[in-house]
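Now, the feature entries from TrEMBL:
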DOMAIN    2-139  domain 'Lactate/malate dehydrogenase N-terminal'
BINDING   G7, V8, G9, A10, V11, G12, D32  NAD(+) binding site
DOMAIN    143-304  domain 'Lactate/malate dehydrogenase C-terminal'
ACT_SITE  H172  active site, proton acceptor
Amino acid sequence: NKVSIIGVGAVGMAAAITILTKKITNHLALVDINRTMCESERLDLLHGSMFANSCRIESGNMSVTKNSRVVLMTAGPRPDPNLSRMSVAKDTIEIIKSVMPAAAKHSPKGVFIILSEPVDVMTWVAQKITKLPYEQIFGTGCHLDTARFRAIVGQQMNISPCSINGYVVGEHGESLVPLWSSLTIGGVRLMNMIPNIGTEQDPMRWSDVRMDVVNAALKVKEGKGYTNWAIALSVADIISAIFDDSYRVISLSTNVAGMCGIEEDMFLSLPCILNRWGICGIVRPILTDWEKRMFLNSASVIRNAQTIMKF
């Protein structure tokens, strides 16, 4: 169950320590353009591994990732908290171009999970560059947004998020779409009780929850400049679903061509079924008119970003 992490910044190392403490893998490989820092991080993890998980930990060039079952792409410049995720797209593309072909060559059967921002566009770029099958390469997408959505709804209703089922789809960003039609609590569909829930016509203003989810990362960035722990826990959950051959449904950034009214190649989040090989199926949600309109708006945001990307 070898896991390789490309990029040992705040997100990469948060993912590494989470994977170790959860005992997800017994073989971890770290790669970064700063080889000295990468080796120092390896040693730091190694020295503490007795307290977490006895694990083989390597660092070096891309060859140390050979035959990985999962490869995490976390490298990229840190977005300015005051700017959108799209602001770092150009620089991140150059990094992906420089590392992804070699990573794919060393682990042709591996599952590649993209975390680099903006994640939907970067997953599209990485797939185009590597030509990996869609089931083998996807982005973390709206998995964390889904967790935030359930947590915020649970907080307002004084119910554990674990007892709430519902998904966020679309862009991992400002145009994300909470699927209110999918939201159930104890098997009860909230839309049956509040038909306009989440829309502009909702008298109870559940529509505010969408902006709470959008702004969740901004609140964290205001205090520390970046997010890392929640996304690390999110990706560790995704890896566990793969290694367990779980067939769990998780909202991930995948190619949505031919789905929900979208014809061209682009990556957006939809509920995906995960097994040991990666994405083995996509659950196509039945969208309300409002949800479809919002999802197509999300697609237009990504489409506009893709048209100016050169690689």
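Using the three backbone atoms N, Cα and C, a Cβ is placed for every residue, glycine included.
Contacts of G9 (NAD(+) binding site) defined by a Cβ separation under 8 A and a same-chain sequence distance of 6+ are given as D32, T74, A75, R78, in order along the sequence. Candidate binding-site residues: V8, A10, V11. Fewest other C-beta atoms within 10 angstroms, A10. Ranking the binding-site residues G7, V8, V11, G12 by the distance of their Cα atoms from the Cα of the residue listed as 'active site, proton acceptor' places V11 first.
Using a 10 Å Cβ-Cβ cutoff, D32 (NAD(+) binding site) registers 23 neighbours. Residues within less than 8 Å, Cβ to Cβ, of G12 (NAD(+) binding site) and separated from it by at least 6 positions along the same chain comprise I5, I6, L30, D32, L72, T74, A75.
Report note: the NAD(+) site is defined by G7, V8, G9, A10, V11, G12, D32, and the residues of the same chain whose CB lies within 8 Å of the CB centroid of those residues, excluding them, are I5, M13, T74, A75.
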